Amino acid sequence: MKIIPYRKRSVLIATIFAISAVGITGCSDNTETKAVERVEEAAALARVKDLEARAEALKSNMPAANDMTATAGGTDTASGKPTIKMPDESTIPDDEFGAAVRRGLQISNHTYKELPNNVGNQLNCTSCHLGNGSEAYAAPWNNTPSVYPNYSKRTGRINTIQERINGCFERSLNGKALDLNSDDMNAMVSYMSWLSQDMPFGVSPEGSGFVKVDKTLEPNTDNGKKLFAEKCSVCHGATGEGQYNDDGTYVYPAIAGDKSFNDGAGMARTYTAASFIKGKMPFGQGGSLSDQEAVDIASYFTHLPRPIKANKDKDWPNGDAPKDVRR
């Protein structure tokens, strides 16, 4: 079913209004007005019928309020929401904006190599934002530009998209913020905008964020340690140190230790990490763990030694911090 352009919606509204107006005029009781001649009545009735037919034709092509099937990025038929999709790289324009998009993609996939002065570990943006930042249920960036500026409970104020990106640099990348007006910051925002080209403004695509887990579950860290050894250590190492090539690039990223994110990162929170694990881990086997197993594993590895985020006491200034926030 196709989305009707705004102008057609306006025509429909005007048509319905016209029908109502004709009906009201025909029913008005004005003793000073002579009765409408039969021929005029017939003409008025014909106009009403014509308007009704046009209105029905428009309504038959108009989707329900949540029907987004005309989205170019694809649609999840169950939810009616647009789906996450990496646009074809051939659509990147051959101009200054396109150059910024390509730079943003390069930074996203090779962050600590491209920006060594801003990254304090050996991770990339796409260590968590999988698939070039465009994989469903791996915190994809598709449509991210349309939700910022936005209120952040963690900072207690409105944040711009640039400030949100810098939050990741200071926490997930254990590094330093980019200059808000730098070419590299603009490149990252440009890349996110390009990713979002097929997304309707203000609509959360199917696959945004992470999968949901039951946050009422109490973690069993001992079981998490056992499961980590069985299901996670083969890639991430016995202590979460990851596997790295001689040139410093990783085969599997560190999820603990100095090469990993600090304790102020979202991924250092038990239930946030559990949501990522449930949807995407073990690698290639996402969805194979129960909520309880994901929570147990997350509780174990998020509390392994890792860098300490300075000034965490200033987070959540209004006292509404989730229970898994590190202090």
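Yeah, the Cβs are placed from backbone N, Cα and C, and that goes for glycine too.
For reference, Swiss-Prot has these:
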- 1-26: signal peptide (SIGNAL)
- 66-78: compositional bias 'Low complexity' (COMPBIAS)
- 66-93: region 'Disordered' (REGION)
- 99-196: domain 'Cytochrome c 1' (DOMAIN)
- Cys125, Cys128, His129: heme c 1 binding site (BINDING)
- 219-305: domain 'Cytochrome c 2' (DOMAIN)
- Cys232, Cys235, His236: heme c 2 binding site (BINDING)
Open item on the list: I'd like to know which of these binding-site residues, Cys232, Cys235, is least surrounded, judged by other CB atoms within 10 A.
Closed with: Cys235
Task: Rounded mean pLDDT for the residues that make up the domain 'Cytochrome c 1' (99-196) - done: 98
- [ ] For the domain 'Cytochrome c 1' (99-196), jot down how many residues DSSP puts in helix, in strand and in coil.
- [x] 49 helix, 6 strand, 43 coil
TODO: For the recorded heme c 2 site, enumerate neighbouring residues of the same chain (Cβ within 8 Å of the Cβ centroid of Cys232, Cys235, His236, site residues themselves excluded), in sequence order.
DONE: Phe228, Lys231, Ser233, Val234, Gly237, Gly240, Gly242, Tyr252, Ile255, Met281, Pro282, Phe283
Open item on the list: Taking 10 A as the limit, how many CB atoms besides its own sit near the CB of Cys128 (heme c 1 binding site)?
Closed with: 21
- [ ] Rounded to the nearest Å, what's the C-alpha distance separating Cys128 (heme c 1 binding site) and His236 (heme c 2 binding site)? Just drop the number here, would you?
- [x] 14
Task: Counts by DSSP class (helix H/G/I, strand E/B, coil) across the domain 'Cytochrome c 2' (219-305) - done: 41 helix, 5 strand, 41 coil
TODO: Mind giving me a neighbour count for Cys125 (heme c 1 binding site)? Other Cβ atoms within 10 Å of its Cβ, every protein chain shown.
DONE: 26
TODO: Between Cys125 (heme c 1 binding site) and His236 (heme c 2 binding site), find the distance joining the two CA atoms and give it rounded to the nearest Å.
DONE: 17
